[in-house]
2 protein chains.
Amino acid sequence: MTIRYPNGKVYRQPSHSKSTPSKFANVNFGDRGMSLEEELNDSNTYYLENDIAVIHKKPTPIQIVKVDYPSRSAAVIREAYFKHASTTDYNGVYRGRYLDFEAKETKSKTAFPLKNFHDHQIEHMRQCLKQDGICFVIIRFATLGRLFLLKATDLFTYWDHQVDGGRKSIPLPDIEQLAAELKYHINPLIPYLEAVDNLIDG
Amino acid sequence: MTIRYPNGKVYRQPSHSKSTPSKFANVNFGDRGMSLEEELNDSNTYYLENDIAVIHKKPTPIQIVKVDYPSRSAAVIREAYFKHASTTDYNGVYRGRYLDFEAKETKSKTAFPLKNFHDHQIEHMRQCLKQDGICFVIIRFATLGRLFLLKATDLFTYWDHQVDGGRKSIPLPDIEQLAAELKYHINPLIPYLEAVDNLIDG
C-alpha cells in the first residue's frame, strides 16, 4: 500500500534515510507504485538536498481562460486548457553543465515506441546540443522493471530513420547496447547522474 | 496602441525583422507597452532562432483540482490554483553554461525594492551557483525606462543585509555601479547575453 502525505507526495520508509545500512543495497525499490515522474522528482530532491545537482521538472503549461477572484480567498482558475510543452520536462545544472532530458515509460517488453516523444521535444534537444548542453532521455520498460538512460544523439538516429519510413520503435536489444542501464538504488532512488558522468567525461 | 495576435502575442512592426536598416539602431524600442516578460520572451525567441542560446520562461505552476473531459473536446480544467514557484522563471543554456535568472520591474525612480524577490528564488540561485551556474536578475525601472543585469552574488549582499535589519531596497546609484546597464536594441530587443558574456569571461 502506498502511503501519501496530505500534499500527495509518497511517504518513504525511514529505512530510506541517509543512514540506511548497506544490506538494503540490493533491494529493488523500483516497484512501489511510484510513477517514473515521482521517482525522478524524489531522486532530484535527494540531489538538491545534498548539493549534488539542481534539476527540476517544469510545470505543465496551461492556457488560462477564466479566473475568479473571490473576496478574502485565493484566485481560482475556472477555465483553462493543457498546452503542448515547447521543451522537455526536466532541466537544470550539474557540475557546471546544463542538463536537459525527457522521461517516458512503456508497457512493451520488446521495444520502446518512438511515439512517446514529440517533434518539439526532439527539436528542443537538438537546439540544446548546439549550445553544448547534455541531453538524454530516461526510458522505463514498466513491465520489465528496467530503466535506461539513452543519449539524445542515439535517440535522433532512430527518430530520423522513422521519419524516413523506418521502424517506429527502438528494439530493446539496441537499447541494451547503446544506453546505460540504471539500477534502482536507495538515495537517490534513480542514480542517473552516474550515467551522466560518463556522458560528460566519456 | 498595442496590436496582438489571437494568441495574445504582441504584433511587432516589420521594421523589426532581420533586415532592419541600421538607422533604427538608436531608436528606443523599450516603451511600446510590452511587459518585461514579453520583451524577454521576444529576445529569447531571437536567440533561439539564431542558434545563440536556448532560454525559456518556465510555465506558471498550477495546482489542478478538477478537470472535465467533455466528449469530443479537449479536457477543461475547472478548478485550479496558482502555486508558488520553487525556482526562478527563466533558465537555459548558452555557450555550454547553465543560465538561471529572474526578471522584475519597479515603478520606483530611486531604488529597487527587495520585496520583488522571494526567499525560495534566492535559495534556488544559491543552489545553482554551487553547481557553477550563471545566475543573475534583470531589473527594470519602468518609470525611468532603465534596465540592468545584476549578478546574483551582488543581489545576495543586499538581501542578506536586509535580513539582518538593513534597508529593504537597493539604491539606484548602487545598481548603476554594480550592474550592467542594458540598452534596448532591435534584434534582440534586450541584448542581455552581451552582459552574460562578461560574467562568463570576466
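Each Cβ is built from the backbone N, Cα and C atoms, and glycine gets one as well.
For the Mg(2+) site that TrEMBL gives as B:T87, B:D89, B:Q121, the extra residue drawn from B:E102, B:E105 is B:E102. In this structure, the CA atom of B:Q121 (Mg(2+) binding site) is 12 Å away from the CA atom of B:K104 (site 'Transition state stabilizer').
If you measure from the Cα atom of B:D89 (Mg(2+) binding site) to that of B:K104 (site 'Transition state stabilizer'), you get 10 Å. Chain A has no C-beta under 8 angstroms from the C-beta of any of the recorded positions B:D89, B:E102, B:K104, B:Q121. The C-beta environment of B:K104 (site 'Transition state stabilizer'), restricted to residues of the same chain at least 6 apart in sequence and closer than 8 Å, consists of B:L36, B:F112, B:N116, B:F117, B:V137, B:I138, B:I139, B:R140. Counting every protein chain shown, the number of other Cβ atoms lying within 10 Å of the Cβ of B:T87 (Mg(2+) binding site) is 22. One way to see the shell of the Mg(2+) site is to take the Cβ centroid of B:T87, B:D89, B:E102, B:Q121; the remaining same-chain residues with a Cβ within 8 Å of it are B:K58, B:A85, B:T88, B:Y90, B:D100, B:F101, B:H124, B:M125.
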